[in-house]
Structure formats: C-alpha cells, structure tokens
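**Student:** Pasting in a structure now, in structure tokens, and then I'll have a few things to ask.
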C-alpha cells in the first residue's frame, strides 16, 4: 500500500478463520439436511413454509452475521472504505434473509391458526432482530453516511463493537432455544430415547455453539485486530481538523 508497508498477517489467524468457515458451512449444510431428512424440506405455499424460518435464520443471523464481524480481521490490509462497504453489505444480506425467515414463521402461524410471540424463543428472536436492525441503521449513519464527524464516530465505535458482538451472541443463544423448542414440540417423550433426529439436532446445536465461539475468539484477540494504516490516520486527522477546527498536533 502507498504510505507504508502492509502489516503482516498473524500466522495463526488464517487457520482460525478457515476453521470458523468450515464450521459455518457445515452448520448451514447440516441445517438443510435436518430439514430435508426429518421435516420434509422447504416450500413456501404449503405446511413446509415454517421450515424456511430456521434455515433463513441460520444463514442470515448466524453465518452471514458472523462473517460480517470477521471482515475487519480477514481483510486487514485492504482499503478501509472497501472493508466498510463489504461489512455493511454482508449485514444487509443477513438482515434481508432474516426478514424472509420472520415472514415465513408469522405467515405459517397465521395460516395454521397458531399463536404468535408466546415463547421465550420468539421474544428473544424479536429482540435480536430489532437490535440488529437498529445496530445496522446506526452503524450506517455513523460510518458510511458522510455526515458524522470523526470525533462522533470515535466515541460511538466502542459501543458499535460491543453491541455487534452481543447481538451475535444473542443470535446464537436464540437459535439454540428455537432448536430445542422445535425438537420438544415434535419428538416430545421420544427425544429422551435418542431418536436419530434428536441426535442430529444436538450435533447441530453443538455446531452453533462452536461457530459462535470461533467467531468471538477471533474478534477478541487484540493482536489480530486490523492495524491502523498510515494514510487512514492522516485522513482521520485531516477530517477532524476540517470538521472541528482542531490541529493534527492537538491529540
């Protein structure tokens, strides 16, 4: 890069990222296998519409959200604006897919005459979706929309990082609640008899937890954070000077 050599990538980081992706892709594939083998598959205009809900939520609020959080670790030496745009786009895709999953479950309940929003899973799910949408909206306003000042972005950034990790953790927990609810609703007493579907779903739950743990571990390693590039620091100082009247040497 111009203005200085690119920072080297920590030796172990690519292996942890690759492992997280292996877990995530296996998670998505196993979710599809569970729905195909034991739940009849997915179809929008039938009683299989409900099955779109778990698949969409796993793809959107687990896999894509996790990958969006890892963007700043994976693309450590790319242009900051490019990384921001990719981070935001992955979150948009996750949000849209999750919205499809929400529509599927509410529409299915309406057609079948089931009550809505009575379980802990549903309450947590709505909370996660609302928080995720607000997080994306505020993040866009602060970091992609050009109106926010540098000092305002700097003050908000720690909150953005904290709530991003928290919402992801809540998403994993909510998915685990939903998985258990789906198993108990269908299998009931047979669940304790080690039914094949129950065993497969238990493995799916372990994959959910492991993927969440892998993503959070990568995020919390301070030595794996994206290093500040020289030109980014210069642009930040220039922007602050223009918007607040400070001099670059006032820090």
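Placed from the backbone N, Cα and C atoms, the Cβ positions cover glycine too.
Okay, these came from Swiss-Prot:
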BINDING   53, 116, 117, 118, 119, 121, 181  heme b 1 binding site
BINDING   73, 80, 87, 160, 225  heme b 2 binding site
DOMAIN    19-220  domain 'Cytochrome b561'
MOD_RES   247  phosphoserine
TOPO_DOM  1-16  topological domain 'Cytoplasmic'
TOPO_DOM  38-51  topological domain 'Vesicular'
TOPO_DOM  73-85  topological domain 'Cytoplasmic'
TOPO_DOM  107-124  topological domain 'Vesicular'
TOPO_DOM  146-158  topological domain 'Cytoplasmic'
TOPO_DOM  180-198  topological domain 'Vesicular'
TOPO_DOM  220-251  topological domain 'Cytoplasmic'
TRANSMEM  17-37  transmembrane segment
TRANSMEM  52-72  transmembrane segment
TRANSMEM  86-106  transmembrane segment
TRANSMEM  125-145  transmembrane segment
TRANSMEM  159-179  transmembrane segment
TRANSMEM  199-219  transmembrane segment
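How buried are these features, and what lies next to them?
**Tutor:** If you take the C-beta of residue 121 (heme b 1 binding site) and look for same-chain residues 6 or more apart in sequence within under 8 angstroms, you find 174, 177, 178, 181. Classification of residue 121 (heme b 1 binding site) by DSSP places it within a helix.
Residues near residue 73 (heme b 2 binding site) in space but far in sequence (CB under 8 A, at least 6 apart, same chain), listed by position: 13, 17, 218, 219, 224, 225, 226.
Over the domain 'Cytochrome b561' (19-220), the average per-residue pLDDT in this prediction is 96.
With DSSP states grouped into helix (H, G, I), strand (E, B) and coil, the topological domain 'Vesicular' (38-51) comes out at 4 helix, 0 strand, 10 coil.
Away from its own ends, the topological domain 'Vesicular' (107-124) comes close to residues 47, 49-50, 53, 170, 173-174, 177-178, 181 of its chain (Cβ-Cβ under 8 Å, at least six residues beyond either end).
The residues of the topological domain 'Cytoplasmic' (146-158), classed with DSSP into helix (H, G, I), strand (E, B) and coil, number 9 helix, 0 strand, 4 coil.
The DSSP breakdown of the topological domain 'Vesicular' (180-198), given as helix, strand and coil counts, is 17 helix, 0 strand, 2 coil.
Sequence-distant neighbours of the transmembrane segment (17-37) (same chain, 6+ residues past either end, Cβ-Cβ under 8 Å): 51, 54-55, 58-59, 62-63, 66-67, 70, 73-74, 197, 200-201, 203-204, 207-208, 210-211, 214-215, 218.
Listed by sequence, the residues of this chain that lie at least six past the ends of the transmembrane segment (52-72) yet keep a Cβ under 8 A from its Cβ atoms are 17, 20-21, 24-25, 27-28, 31-32, 35, 42, 44, 83, 86-87, 90-91, 93-98, 100-102, 104-105, 108, 125, 128-129, 132, 164-165, 167-168, 171-172, 174-175, 178-179, 182, 208, 211-212, 215, 218-219, 225-226.
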**Student:** Between the binding-site residues 80, 87, 160, which lies closest to residue 119 (heme b 1 binding site), Cα to Cα?
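**Tutor:** So, of the listed binding-site residues, the one sitting closest to residue 119 (heme b 1 binding site) is 160.
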**Student:** If you count, for each of the binding-site residues 116, 181, the other Cβ atoms lying within 10 Å of its Cβ, which residue has the minimum?
**Tutor:** 116
**Student:** Please tell me which one of the binding-site residues listed here (80, 87, 160) sits closest to residue 118 (heme b 1 binding site), measuring Cα to Cα?
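**Tutor:** Closest by Cα distance to residue 118 (heme b 1 binding site) among the binding-site residues 80, 87, 160: 160.
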**Student:** Around the Cβ of residue 87 (heme b 2 binding site), how many other Cβ atoms lie within 10 Å? Please give the count over every shown protein chain.
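**Tutor:** Cβ-Cβ neighbours of residue 87 (heme b 2 binding site) within 10 Å number 20.
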**Student:** Check the Cα-Cα distances from residue 53 (heme b 1 binding site) to the binding-site residues 80, 87, 160 and tell me which is shortest.
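**Tutor:** Comparing Cα positions, the candidate nearest residue 53 (heme b 1 binding site) turns out to be 87.
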